[in-house]
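Okay, structure first, notes after.
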Amino acid sequence: MTLVAGVDSSTQSCKVVIRDAETGAHVREGSAPHPTGTEVAPAAWWDAFERAAEAAGGLADVAALSVAAQQHGMVCLDERGDVVRDALLWNDTRSASAAAGLVAERGARWWAEAVGSVPLASFTVAKLRWLAEHEPDNVRRTASVCLPHDWLTRRLTGRLTTDRGDASGTGYWSPATGEYRRDVLKDAFGTLPELPRVLGPRDQAGEWEGRAVAPGTGDNMAAMLGVGGASGSSGEIVVSIGTSGTAFAVADTPSADPSGKIAGFADATGRYLPLVCTLNAARVLDAAASLLGVSLERLSELALSAPAGADGLVLLPYLEGERTPDLPDATGSLHGLRLATATPAHLARAAVEGLLCHLADAVDALGLAPERIRLIGGGARSEAVRRIAPAVFGRPVLVPEPGEYVATGAARQAAWLLAETPEPPEWAPAGEARYDAEPVPWIRERYAEVSGPFLSAEVGP
Ligand SMILES: Nc1ncnc2c1ncn2[C@@H]1O[C@H](COP(=O)(O)OP(=O)(O)O)[C@@H](O)[C@H]1O
Ligand SMILES: O=C(CO)[C@@H](O)[C@H](O)COP(=O)(O)O
């Protein structure tokens, strides 16, 4: 049996999954946590990778591996290849006004057409503008700029490479032309650092201790490979409830949304991946559980014991600011608190429904009117989320068996490299459960009534 390893270096942790290259059968896996915070020393990703690989029983018997990671993070390297400062992650909002400045200079439509997305605080180009405005010494020391998956792949191979999927989240690479927009980077950053070579989906990034290393990609692109693909035209989209909430589908043509809500990414197979992303997702449940002093399992039981709509109690989940809607300085809030709704069950229900209404808005923003939603990510492990989701989304929800779909997608990319076939190897799809429920539209109506006034403060392009 030939084995492949997939790595998911995401916001909260690193996961390593080992699978059979031919069938995709799960062999073993391990994980290790990342530091908290939105500014992280890249060395911590390497430490977590080593610990996760060890927890997975080591990589001695794998023939190839691939690294997928959180998108957008800014990693600046000096002439020697050492990091200039801690990386600013996708969910670090200090670059919000830099993003607004970039949009004001060119206009939202120009950005959407030039690089497929209107930059928000998350995008690398906005973080580089922030660095240019606040840390000129670090700009002078920066010889090259890359992303988390590029940095980890470079630690493995010694070469600075990236792929289409992750490059499309920088704000200076165009999915439509497949080329860097170095002029855009120079304008935003004031100088032109070296950039990673953009590999095609089946190109080899290099070797690590005799094993082939695949190009890797961003975590959402890998998730799509991991669940086996879902195209908007087939009536299906994927919603991931990780640290971020994302709604996305594969498309055959690039997108350019001047409203800035849809990021026009490329995928990991040569196609495209329009995606809407929220800053707040699974950690809304973590926060509610910690507020109530209960486990996530108990939070789920409490939520399911409360009436649909939580008797009007609404939790607006903007706990980390927000990206969609564009409210980088927003905070979360509770509305409709009365003696009757001041119970743990009501609060738990409001947290689950608030999260789901927030994600349902993201699904609407994607504009594909899907017939079914496939739910993945850590938050999809919550029974309450799975059972309440179809009522809030107003559609059936498919939940693949719990698993690490980003790492699995990376493993599939590694298997593709070995297979040398035009399309990724067909792996047996994971078993999945289908959740149906009568739509309960007034849950979203009440949420819209409460969130409406906040939306008028949206930064927007
Ligand atoms: N049973 C569960 N119920 C609710 N949330 C869960 C459950 N298990 C894990 N999570 C949440 O999933 C999140 C991690 O999801 P994951 O997709 O691994 O995130 P990321 O890839 O961004 O690091 C954590 O916030 C964790 O609390
Ligand atoms: O910024 C985005 C997508 O544009 C996020 O989806 C990041 O890629 C982080 O992913 P997770 O750690 O939540 O999986």
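First residue shown is number 1, and so on along the chain.
Each Cβ is built from the backbone N, Cα and C atoms, and glycine gets one as well.
All annotation found in TrEMBL is predicted automatically rather than curated by experts.
Record features, source TrEMBL:
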type	residues	note
ACT_SITE	D219	active site, proton acceptor
BINDING	Q71, H72	substrate binding site
DOMAIN	4-210	domain 'Carbohydrate kinase FGGY N-terminal'
DOMAIN	238-416	domain 'Carbohydrate kinase FGGY C-terminal'
SITE	D8	site 'Important for activity'
Inset, instruction - May I ask you to report the DSSP-based helix, strand or coil state of H72 (substrate binding site)? - result: coil
Inset, instruction - Provide, as an integer number of angstrom, the distance between the C-alpha atoms of Q71 (substrate binding site) and D219 (active site, proton acceptor). - result: 7
Inset, instruction - Taking only the Cα atoms, work out how far D8 (site 'Important for activity') lies from D219 (active site, proton acceptor), in Å, as a whole number. - result: 7
Inset, instruction - Between the Cα atoms of the residue listed as 'active site, proton acceptor' and H72 (substrate binding site), find the distance and write it as a whole number of Å. - result: 10
Inset, instruction - May I ask which of the recorded positions D8, Q71, H72, D219 have a CB within less than 6 Å of any atom of ligand 2, listed in sequence order? - result: Q71, H72, D219
Inset, instruction - For D8 (site 'Important for activity'), just give me the three-state DSSP call. - result: strand
Legend entry - pLDDT averaged over the residues of the domain 'Carbohydrate kinase FGGY N-terminal' (4-210): 98
Legend entry - For D219 (active site, proton acceptor), the three-state class that DSSP assigns: helix
Inset, instruction - Give the sequence-ordered list of residues that share a chain with H72 (substrate binding site), lie 6 or more positions from it, and have CB atoms under 8 Å from its CB. - result: L89, W90, S122, F123, T124, K127, L147, G169, T170
